[in-house]
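A short worksheet on the structure shown next.
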Amino acid sequence: MMHEKLKKAVGWAALEYVSSGMIIGVGTGSTTDHFIDALGTVKHKIEGVVSSSEQSTTKLKSMGILLFNLNDVDGLDIYVDGTDEINSNMQMIKGGGAALTREKVLAAAANKFICIADTSKQVDILGNFPLPIEVIPMAHAWVARELVHLTGGLPKYRQGVITDNGNIILDIYNLKILDAIALEKIINNIPGVVTVGLFANRCADIALISSDLGIEEISRSIK
């Protein structure tokens, strides 16, 4: 119950970054669902939203929030989404909900990426959470062998999951990711991989982290 309260608190806290006339990218997941609830209270002020998944689209429609296709807008003012892990460099593992490809596209299209999470998602080193990879179905066995060779991790097929794009998910276990940018590039270069759930090249600009002490705002340092 306390964990759910932390998710709700940070979801609603992200509303402070919403301004009139914005086009907002909306992620996927239980924490993002709380942001959608909050967004419903200001739906008359914003231009509309672009959704990262059918799951979020269903909830947004139920709230009466205007939806756009990404192809019909020039870009996004902000993108708000949760995460499975986030490190001090604002790099993330995402994709537990199997929406990683569309999430990554929206993050890239946004002027500002706001990550919302509770403190349990903060880690020193990425990799304890299995790293999701979206793969075209005909290539998953070959891609899995390549992943063993290139990463040393253990890829497992996520049973019963088909992405909104019609693909499958491989989750890589037993990773200790010390160079997330390099690993993201290596995995994305494997033929058959649609994308990997490492958000390192396009990391978060702001992280809102909820704990028993309240909401902490962390901004990405520009090096």
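Quick reminder: no glycine exception, Cβ is built from N, Cα and C everywhere.
Copied over from Swiss-Prot:
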- GLU103: active site, proton acceptor (ACT_SITE)
- THR28, GLY29, SER30, THR31, ASP81, GLY82, THR83, ASP84, LYS94, GLY95, GLY96, GLY97, LYS121: substrate binding site (BINDING)
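The C-beta environment of ASP81 (substrate binding site), restricted to residues of the same chain at least 6 apart in sequence and closer than 8 Å, consists of GLY25, VAL26, GLY27, THR28, GLY29, THR32, SER52, LYS94, GLU103, LEU106, ALA107, PHE113, ILE114, CYS115, ILE116.
The sparsest Cβ neighbourhood within 10 Å, among the listed binding-site residues (THR83, LYS121), is found at LYS121. A 10 Å cutoff on Cβ-Cβ distances gives SER30 (substrate binding site) a total of 14 other Cβ atoms nearby, all chains included. Sequence-distant contacts (6 or more apart, same chain, Cβ under 8 Å) of GLY96 (substrate binding site) comprise GLY29, ASP84, PHE129, PRO132.
Same-chain residues with CB within 8 A of the center of the THR28, GLY29, SER30, THR31, ASP81, GLY82, THR83, ASP84, LYS94, GLY95, GLY96, GLY97, LYS121 CB atoms, the substrate site residues themselves not counted, are GLY27, THR32, ALA117. Residue pairs drawn from THR28, GLY29, SER30, THR31, ASP81, GLY82, THR83, ASP84, LYS94, GLY95, GLY96, GLY97, LYS121, the listed substrate binders, are separated by up to 16 Å at the Cα level. According to DSSP, ASP81 (substrate binding site) sits within a strand segment. In the structure as shown, the Cβ atom of GLU103 (active site, proton acceptor) sits within 10 Å of 30 other Cβ atoms.
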